[in-house]
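As recorded in TrEMBL:
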type	residues	note
DOMAIN	31-163	domain 'Thioredoxin'
DOMAIN	434-537	domain 'ERV/ALR sulfhydryl oxidase'
TRANSMEM	722-745	transmembrane segment
TRANSMEM	766-789	transmembrane segment
TRANSMEM	809-829	transmembrane segment
TRANSMEM	841-859	transmembrane segment
TRANSMEM	879-901	transmembrane segment
TRANSMEM	913-937	transmembrane segment
TRANSMEM	957-978	transmembrane segment
TRANSMEM	999-1022	transmembrane segment
TRANSMEM	1028-1046	transmembrane segment
TRANSMEM	1058-1077	transmembrane segment
Amino acid sequence: MKSLFIDKYSDDFCWYFVLLIIIGVMRQTSSAVVPSQNSVSLYTDNDKVIILTSQNFSLTVYESNTAWLIEFYASWCGHCQSYANTYREVAIDTWGWKTVVRIGAINCYADENSALCEQHKIESYPTLRFIEPQTTMNASKTITITATDAKGVEKELIKKLVDVNRIEKSWPQFIPASRASFDDLFNRAPPSVKLLLLIIEKRDDFTGSQIMLDFSKYYEQLAIFRTTTDKKLWYRFQINITDIPALFAILPNRTIEKINTKQENTNENIGSRNLFNYAIRSYIRQRKYIVNFDDRDLEEIILSRNALKNAETKLISYKKNAQINLPVDNIIINQKISMIDFETALSYMFRREIPRIQEIRGEAYDALIHWLVVLIKYFPGREPVMNYLKQLLSAVKEQSNGLTGKQFRELADLNTTSSYLPNNNFQYKYCAGSSPTHRGYPCGLWILFHTLTVSQVQTELVQINTIEILSAIKKFLKYFFGCRHCSENFMKETKDINQLDSNNKYAAVIYLWEIHNRVNKRLHGDITEDLQHPKIQFPPKSLCSNCHLTNKNSDSDFDESTILKFLLRYFSKENIDLSLVENLAILDDNKQNRIPRNGHQTLIDQYTMIEITNEPKNNVGFIRSLISIFQNSKKKTATTKYDQEKYVIRSLLPHDNDMLEKLSRRAIRYTKRAIMGAAFFFTDEQEINRRSSVAGASYNLINSIVGSGVIGMSYSFRQSGYLAGILLLVMVAILTDYSTTILLRSGQMAKATTYQELVYNVLGKFGFLWLSLVQFLYPFICLISYNIIIGDTVTKVLHRLWPTIPYLFQNRYIIIFVCSCFVTLPLSLYRNIAKLSQVSLTGLILVLTTVLILIKRGYDTMPFISSGTRDIRVWNSNIAESIGVMAFAFMCQHNSFLIYHSMNDKTLSRWRIVTSLTATIAFVFAAAYALTGYIVFGQQTEGDLLENYCHWDTLINIARLIYAINIMLTFPLECLVCRQVIEIVCSKWTSFSSDRNHYIITILIVIASVILSLSTDCLGIVLELNGLLVASSLAYILPALCYLKLKPRSTEFSFDNICSYILLIIGILLTISGFVLPLRHALQEGYYCQHGIEPRYCTRMFPTAINHTKIKLRIKSSS
């Protein structure tokens, strides 16, 4: 009767269920798409600059065969933006030197790169660092190069290259040749050299060194030497000093030939380097001494240089035209200032800017104390923020001898429930620019400075120290502001600060306003200006028409008395917008986002929680609301958009006006975000560098486990027996918990941020290549198994929903292709794994639902299967195969570093909580899955448990749909790992940071997995082989080897070391078994797995349905 009832309402039920699933997934994915503010790069692939990040820095730069010139910059820094074109010019000019030195850049403003910049002791932006070849990760052999014009940087770079001892054959011989014998020159050149050139120049000239580098890639066929006029060698050429610099070819018969470097009709400013370059290339083309000589590199450099100049010219012209066409009077400026902008700027200041300074002592320490005192006295902040500032000042004062930047960061991160400064990942409101590189932190500082001067006037009623605030600002910018050039300019602007009228209490207010307008005037029309927020004379007439003198035509002339009144009102406490922080207070009252009392930093950002509600109960509540909306929509229809919004809220919620309005705004915001999420689904620039909590990291790690592997748990019990299976499952869960823990512990000991970096630093290149191979194969084979499951499940669901559906849509090949194109590929294009924790939570809920359905249907199915034919065994002989499937299912080590670094407070103790929670929940899921299938089907259990159930079973088809959706949500996690392996391996030789390469690699991975999944439908053997041959190395062997090699020898027989040895031995035994046992059992008689064949018992369970369908039957006596 139960099945008849379900059949009767199956169509409506399934449609409702599908609708709810789609709504849930849309809600999760749309909430993950938020504009990025700090992960942008100033450079692209076309700039010839290698874009470095914390993910590729170690493997690309350290132990490289080439030297590196690296710019450390902050994308908010105005001077960094101006300097970007100079650095692009350096990269273009030195593009031909890439066999000797490569040019890179890293954005220190991006959260993921901040630790790396601190490691390199970057105290101001931009900073250029020269790194010698073969520099190890822990070495401090980095040399600062002054960030001057392009020619100056190139000369300094050559000086550093000259100082490097030659270690590679391709390295030019910069030292001037002094001996008079040509034989000596040929002896110094490689034996394969076909042409030898000699450049004669003055001692302080760089032309010869530049030419050596320009042709360095032909070092096996072309040798270039230089000599100077103070050496004896140049006398042999019988030339005058006026002919210097000169170029000669020395032929193998030791004769010399002068190469003409003078070109007719050439610009006098073309330079010796370009003349020599053209002359040498012309000579090589005529004489054909060099095989495969290619001039395209020079053409590429010329085209890139011209494109850079044209782009700069066009940008300047465009900005000038835009300024002309945009009247100053029409510029819209907010009528209020925002508290979020203040707190965001302070958060970045205390957590990133000040900790940048290695040693805060002496005058810098005094400046910090002075700045904190001024903030406490005059900043009109919220009570918990003011308590935070007082607590921070007290803690800093306790360090009377000064402190390090790292110590200050630890103090800045100490928050309590009544004393905290929110960290919202630097998301600004009114200070947000038209792009992530504009405004932001500098804007927040300017607004803060003005507000402090006004607050002083309004709070100090008796005596005012006119220069108190200005002096604090000046010292803060001198010692702690990251933009070096900006800080120096402010020092120049405020050199007359001590001349202020001490009797005029408004002097500081007017003085700072005048300075700000002078800065705006200087930067107006600059390449760094934001066209949507131009550098105008403040305030414009649109904001204060009375502030401008009526008898003047220029906006730069103001009525000072009116200006003062305006500034006192505009930057007053009463004019601060508190709307978003009021919402924050509501959340605090509800205890949804309290900061822990143990002093640790909040797990979930206060501001982002308002903008993106991450808690599961809120998501469920929203889905429940949508269900109610769907049910009530037939009863009442609102006519207008406004009425619809009001009706939705009032029909679902209590009649509390305040709560009603707040939840109304939230519902409207959710709706808008869902629409915005669909519009910007593929836009990488819209992705935020979000952080996961312990729960979010656990969702990701658990979802890595309960993917396709968990469906094979019943099959693993078939191989081992149920009692042995339970014991083995406990063992695998413990090993997983332990291996993921020691893996991250090893990473901290080796100062590695990725699995590849750890193995490369500890086990060398062989270990790195071994890891890269298995780390790619494991998730890639996962993708193949995911596609197999999608093909097996979705076809049956479609056939059950629409029995008369054309055969084309029951074809697993078509289904796999369609799902890949429209579901798994779009999800796989995400860059940031932290955002997938939302999707992972949905997947976790779906798996739990699937387990419950299988338990229910397994109980219903048992009466239709003969108990004597189940053949349920306590113990079976195929232990290795069973462990292989379990190891495959519990493999999450390949995701561990990614998930760990997506956490908002990365500590080993918090990671230990994540791994323990993950192993426990995964064990419960796996055991429930395994017992559910094995007790029902015994030794008839398939690798894909759902294949054991009837095609016509509505409830099972719901489980199939749920599981297929979960697999589709898990797919991007594994694809991300595959993609990162390729990017990190390739980053040793080239840059793989562009959006184009990101898309190409992702698409190729998905296509390859689809093609291979179409060739088989045997899931069981795929799980066994992947677990034994691949997962054993990733999960057991490599983590154990790294940990044992890093641990001190004095702890050789410690508990951790013994456990690591056990882990290593188990991994080796499993790998050996993987080469023999699965293939032997796969070839045994009776082994089969076929898609689309119905079990015999279904004829008894669904006799009516089977008679009306053309499903093939599996004829087995045991059924």
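Using N, Cα and C of the backbone, Cβ positions are placed for all residues, glycine too.
Proximity of the transmembrane segment (879-901) to the transmembrane segment (809-829) is not established, fewer than 3 Cβ-Cβ distances being under 8 Å for residue pairs spaced 6 or more apart.
Across 722-745, 766-789, 809-829, 957-978, stretch 722-745 shows the highest tally of CB pairs under 8 A with the transmembrane segment (913-937). With a cut-off of 8 Å on Cβ pairs spaced 6 or more residues apart, the transmembrane segment (766-789) and the transmembrane segment (1058-1077) reach fewer than 3 such pairs and are scored as not touching. Counting Cβ pairs closer than 8 Å to the transmembrane segment (957-978), the top stretch among 722-745, 809-829, 999-1022, 1028-1046, 1058-1077 is 809-829. On the 0 to 100 pLDDT scale, the model's mean across the domain 'ERV/ALR sulfhydryl oxidase' (434-537) is 86. Relative to the transmembrane segment (722-745), the listed stretch 1028-1046 leads the set 809-829, 999-1022, 1028-1046 in CB pairs under 8 A. Residues 708, 711-712, 715, 780-781, 783-789, 791-792, 812-813, 816-817, 820, 824-825, 828-829, 885, 942-944, 975, 978-979, 982-983, 992, 1078, 1082, 1089-1091 of the same chain, all 6+ positions outside the transmembrane segment (999-1022), place their C-beta atoms under 8 angstroms from a C-beta of that stretch. Remote same-chain residues near the transmembrane segment (809-829) are listed as 29, 681-682, 786-787, 790-792, 794-795, 798-799, 839, 964, 968-969, 971-972, 975-976, 979, 998-999, 1002-1003, 1005-1006, 1009-1010, 1013-1014, 1017, 1091-1092 (criterion: CB distance under 8 Å, separation of at least six residues from the stretch ends).
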